[in-house]
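Have a look at the structure below, then the notes.
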Amino acid sequence: MACVLAIGSILFVWILGKGKYSGAQLIYRMATNFAISQGCCLVTCACELTEEIKHLHTRYNGHYWRALKASFNLSCAAFVTAILCYVFYEPKLMASLPLTIDITLTLLSWLFCWILGIQGPTPATISEITEIKQLNVAHGLAWSYYVGYLQFVLPALKESIQKFNEENHNLLKFPETCRLHILIPLSCRLYGDLKDVDENITFLKEIPPLYIDRAGIKGRVFKNNVYRILDEDGRPYNCIVEYATPLASLLKMTDIPSAAFSADDRLQQTKLFYRTLKDILENAHELQNTYRLIVYEDFPETKDHSRHLLSQEILKHIRQQHSEEYSML
């Protein structure tokens with residue numbers, strides 16, 4: 001359809017301008033219109049860059065070059081055209097054209113951009129559209145995790161902890177430990193036992209399971225585990241910890257060629273999963289003080305990376321919650 005419109009526009013300009021304007025004048029005007037339109041796009045991209053810089057660490061890991069590439073999608077053809085217009089400028093080329101021809105030439109320049117793929121949405125714009133319209137993989141995973149799991153488990157957590165404490169001498173006696181601590185590693189690597197990744201974390205016990213009839217399964221079981229975590233001085237802390245299981249899907253997608261899902265895509269989707277889940281839970285006011293999201297980087301770039309990263313991250317959040325509880329008293 002774009003090619004048909006382009007051919008029609010060329011014929012229209014040729015009919016109206018035949019014998020009145022030279023081909024050089026018409027081409028020069030179309031080139032200047034193209035350069036001006038690309039200049040407007042350049043300003044728009046600069047505005048997008050200022051917005052992306054605000055999210056430099058959450059979206060691009062602090063890399064300015066990645067933010068720059070995501071914000072700009074201009075072809076070198078725009079700059080070459082602008083230079084050629086300047087080099088070959090002559091007053092006679094800037095003829096005063098009728099409004100109909102001028103508008104048609106402007107339309108024609110946009111059509112050529114579209115046909116040749118010179119102008120298109122930037123990666124940042126595409127990301128914004130898919131995020132707003134909830135077209136990302138992460139949105140579906142976050143909502144599925146909430147409506148299919150957290151929406152059942154979190155409201156019942158308080159009662160399950162009470163039963164657990166009655167049977168186990170109040171092992172979870174502090175408010176900051178009576179929450180479900182959800183681990184969100186940016187690498188998406190999940191382990192069956194947390195001790196496999198950090199020897200300062202050991203499985204202690206299960207809290208009483210939750211049974212729900214769901215999706216044709218009678219008495220479907222939802223379990224949560226209590227882990228004992230040792231700090232740097234060997235002092236024990238007990239809390240309920242588990243991974244956000246949908247992250248395993250993101251990791252598997254990277255290994256499936258047909259998914260066309262790169263490691264960078266996985267990282268961006270993991271961050272979006274966290275932001276989406278955070279928004280969902282914050283809007284579920286009845287679930288306040290029943291969970292804690294722990295997002296952390298677990299792909300070390302240096303050899304002196306701590307072997308106790310996970311226990312340190314969990315303890316940091318437990319202490320933060322303790323100070324928050326204390327400040328509210």
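Placement of Cβ uses the backbone N, Cα and C atoms for every residue, glycine included.
Copied from Swiss-Prot, the annotated features are:
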type	residues	note
TOPO_DOM	1-4	topological domain 'Cytoplasmic'
TRANSMEM	5-25	transmembrane segment
TRANSMEM	27-52	transmembrane segment
TOPO_DOM	53-74	topological domain 'Cytoplasmic'
TRANSMEM	75-88	transmembrane segment
TOPO_DOM	89-98	topological domain 'Lumenal'
TRANSMEM	99-116	transmembrane segment
TOPO_DOM	117-329	topological domain 'Cytoplasmic'
REGION	135-325	region 'Cyclic dinucleotide-binding domain (CBD)'
BINDING	Ser144, Tyr149, Arg220, Thr245	2',3'-cGAMP binding site
BINDING	Ser144, Tyr149, Arg220, Val221, Phe222, Lys223, Thr245	3',3'-c-di-GMP binding site
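Location within the structure of each feature annotated in Swiss-Prot.
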residue	record	Cβ contacts under 8 Å, 6 or more apart
Ser144	2',3'-cGAMP binding site	Pro246
Tyr149	2',3'-cGAMP binding site	Phe222, Thr245
Arg220	2',3'-cGAMP binding site	Tyr211, Ile212, Asp213, Arg214
Val221	3',3'-c-di-GMP binding site	Pro209, Leu210, Tyr211
Lys223	3',3'-c-di-GMP binding site	Glu206, Ile207, Pro209, Leu210
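Note on the topological domain 'Cytoplasmic' (117-329): mean pLDDT across this stretch is 86. Residues in the topological domain 'Cytoplasmic' (53-74) partition by DSSP class (helix H, G, I; strand E, B; coil) as 15 helix, 0 strand, 7 coil.
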